[in-house]
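Asks: Sending over a structure as structure tokens; questions will come in a sec.
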């Protein structure tokens, strides 16, 4: 992908810059502008068409979706091979089409899909399946693989294997155990190794490689000491990044709501993308002409320095920012010597790019947010760096240091990661010493930002009405007990049932799991018999689909084989559909659930406090939990949704508990906060 | 501590080197040798006296003990203030006394004690207590603080905050949740920040500091590319490190068994330490005279280059290794130019120091193993580096690179950490790029080593007969169910009891927790009534100690206040002692346990498979778990020990299950393996 983007961008910039050199006076200056616009709109349009028509789930960075997936929610088609190809092609086209997007977020999604596919040894698209990997075909194993894949994606994107691990732990994996941590780090290391080796092979044809990722920030060898006063300034920058990030999130959320309402047709989405591409390019072109700031060409690493109206040994510095891939612009902001940028150039670039990036995130293209946010931050950070340089040129000879901190602050303010982002950026700069200032900046950015809004991923998850379980229960939730939270009446089954009775019991209540009980049931007294097991809707669907009923003498017609499960995974038949397929004859049969139920389910006494229930749920990765009384009689069921049912607030000494009402339509708006 | 060690060592080396320059021919050369021996023996002797007589638990690095503590075992006096002071003073004296020990392991222990103390807001030694920190006075909170303290110790020792976090996660924390990860990283960062600032203030009196730790390896700026063939060589070095490390562990384990048997008296231990110190110093002195390898004095950073019989512009290179603090020797091995060391010098130094370090670990002094192991590894690594340099001087101009990999391989072979050690060493070198080769080397070293022996910490834990719970159950353990594992008969209590009956019930069975049951009990049929709650031995002891009995009319005499608990924590009265203090009158009273029991305990059905029970135990950090039947009748109890009761082996297609027998004397020898 990196190579393709480089090829396409190189070609594009070569064509446009030769046109600019040809037509640089009078009205014909518009020729290169239109050429540039046209190329970009074409590339971006194709990217958008792919996403909209082939795999809508490939839009955006994929990080919110991965977060939901790892939290235990299933998102259809997220882990499909087709989604991955669309994402890959889409991001190549979008980035080389000059949109304000990065390729790093999508790398994480692609990594996850690869991992999910490898672990299953099966590609749905090609109807291909590998028997020896059957062991991994269950949700938990798959989730672990997906975390490792996401980490490998980060490792490849930023050359940050440890950062990748921490990203997977901070954003994803619900159940952290040691072997998993291990696996994840190993995958990340291999990913970075292969990437670095391939990159070197392509460029230098030798086996001497430098470890690193796609978005290398260049070596920050000049950073070795910090003064305490500098660190204080970094904290202020962190706070500014938090405010600026929160504003970005709020504006983008409003825009997304607007889009959800008015941009609904498929063609509408494509047209919107092309329009944004047109505006991005034409504004960029206009700025390059309008802001005439020239820098010495001698020190620059910019491969396409546009001369325009500058002197012979100078180039247009705005073009370094806008007539370049975003990664390269970032490196230029970090490393070029102090005189390169005029403060005016940066102060014009910052708000313009801010608005463009804000419009871009949420479009129907594959797009990452990391690089644009870093670029915004680096631009205002470099403004501060320039000021510091002009005030104390001796003490602060490198404005790039401030650009780095600004970039971190802005990105932290938008995505609200701290730990993992610190390590990712530390590894991307290749310098351990920046870790401490980065962490301080990011912590301040996070807290300032959190005061004003949620992180962009949580905001988008909220807008798409999905219910994430936070890491820990509300500290006030110990005032509630299992009986306050549980659902009742309970939809229960018996070990041996008449199929008609079973169907009647579950038809209107298609839950994910059903408790299996024995003995007298007395619903008015909230007592549903003794708990003897539990069965998931998937297994029930398989049993009914394969007609595993009893013969008249009570012996089973056939028993369920492992292959029956395996051939279905992960797209089990929907219980709903199976129920409709049952014939009148089937309904008269009996079914014995005992051999297929889980006969020792986790359960909790009804008096257990809610926060202990929550820990059980979260740590063991449960989806439903029977609540029993002291005689092991089922009293209710707790599901993921019930855990988000209450919102606690402490007002003075009073504890106010608000119960949220759920229906299939109305889901919690900000599930991340609970 | 660092400053003190530097002061004392500086003084010592100045005295001895001036003596050497004075008496350098004939028999009087023995004068500086004896002076050196005497100073060292004095320093080390005092260190040993402190440890042996004031705080025996301060011996060694403290890492195995911290590991046990975080696993859920209580080790008396481990977290005391006195232990910390003895550890600190002891390690300063031992390191400046020239023993083959490092100060890094003890830093981890000290960090943990500080954290435990701060979190409790109470220092037992000074009888000082802070009311506002009462919230943290429970085992779980304290354990979290201890993990953070250990991480802060690593951060201070190696300038490795992320490494510290990973160390705490890899070696310690049982229950990893996000907020903990966070807290740990924050503590580590602050720790490194303060250390780096203080170090700079002491040395340069300025606020411009370079982040870094005590054991800085110096900047590896020359490392930027690796070739694939080099990486293959690193793998071989990893394997050698694994073998060499395993040999070290085995030899040290034998020595430790010998010590446990024959060196038991307090004075014996001190004499052993002084003897080892004498041998270390005199062998070192002899080697400096015997191996006459001279290097050019021009490039060295060695502050005390001994000339001895070398030419005027040269110095004795063996003295660079032995007449120096180990940290400085390590830096010299990493960074001095290729010509500095003769292969012979290194080949003599390696086995001698190997044997000395092996004898030293396990002595009754505070001593870390990291630096000696790194030094051993760096010496053989540099041998390889020298060979490579002499064969291909163009391709491998820096033997220090191989010294680094050798050091990592050796340390990895001894301690068997991978993930955390990679990051620790990466941060200590200040170069992100070494991460990949380090990880590859360490993984190979771990697997090679694991094939031959356990890691040194697990070996020592095994030798001291403590039972660690591994992270995950044996994959074969799903063949066992809760009823196979549980203890029965059960020592049960009733909600309201005659004190005499209670005492009779528990006198012979002082467990950590007792289930509270109601209804008919039928021990011959393994049925012990309905589970209604559970009470820990600590709470029971408090109730009995404060005589919370019932009046004749059934109302309680007084109720237990929070202060009653708090004043006892963490040294609850022993249940045993409380029982003996009960008078005849007390025994006639009744006690109502209902208000003080946990009324909604976690419990599992008897048919649950052992690996699910194990996960519940490990993830929720339980110490005892009632097993119930389908009517919620108690059938047995599972404790930590029961989880290690079976050893599984698959021989061909057969599953062999061996039941280990426990008594108070015989505990599992290798609990780490299970």
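Glycine is no exception: its Cβ is also placed from the backbone N, Cα and C atoms.
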Asks: Using TrEMBL as the reference, determine which range in B:5-32, B:33-60 is annotated transmembrane segment.
Replies: B:33-60
Asks: If you look at how TrEMBL annotates this chain, which of B:270-291, B:292-313 comes out as transmembrane segment?
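Replies: Checked against TrEMBL: transmembrane segment maps to B:270-291.
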Asks: Can you say which of B:322-351, B:352-381 is given as transmembrane segment in TrEMBL?
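Replies: So the range that TrEMBL calls transmembrane segment is B:352-381.
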Asks: Of B:231-249, B:250-268, which range does TrEMBL call transmembrane segment?
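Replies: Within the set B:231-249, B:250-268, TrEMBL attaches transmembrane segment to B:231-249.
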Asks: If you look at how TrEMBL annotates this chain, which of B:81-101, B:396-416 comes out as transmembrane segment?
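Replies: The listed stretch tagged transmembrane segment in TrEMBL is B:81-101.
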Asks: Under a Cβ pair cut-off of under 8 Å, which of the recorded stretches B:33-60, B:145-168, B:231-249, B:270-291, B:432-449 contacts the transmembrane segment (B:352-381) most often?
Replies: B:33-60
Asks: What parts of the chain pack near the transmembrane segment (B:432-449), using Cβ distances under 8 Å and only residues at least 6 beyond its ends?
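Replies: Cβ under 8 Å, 6 or more out: 220, 223-224, 226, 230-231, 234-235, 237-239, 241-243, 245-246, 249, 404-405, 408-410, 412-414, 416-419, 421-423, 425-426, 455.
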Asks: What parts of the chain pack near the transmembrane segment (B:231-249), using Cβ distances under 8 Å and only residues at least 6 beyond its ends?
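Replies: 354, 357-358, 373, 376-377, 380-381, 384, 388, 402, 405-406, 408-416, 437, 440-456, 459.
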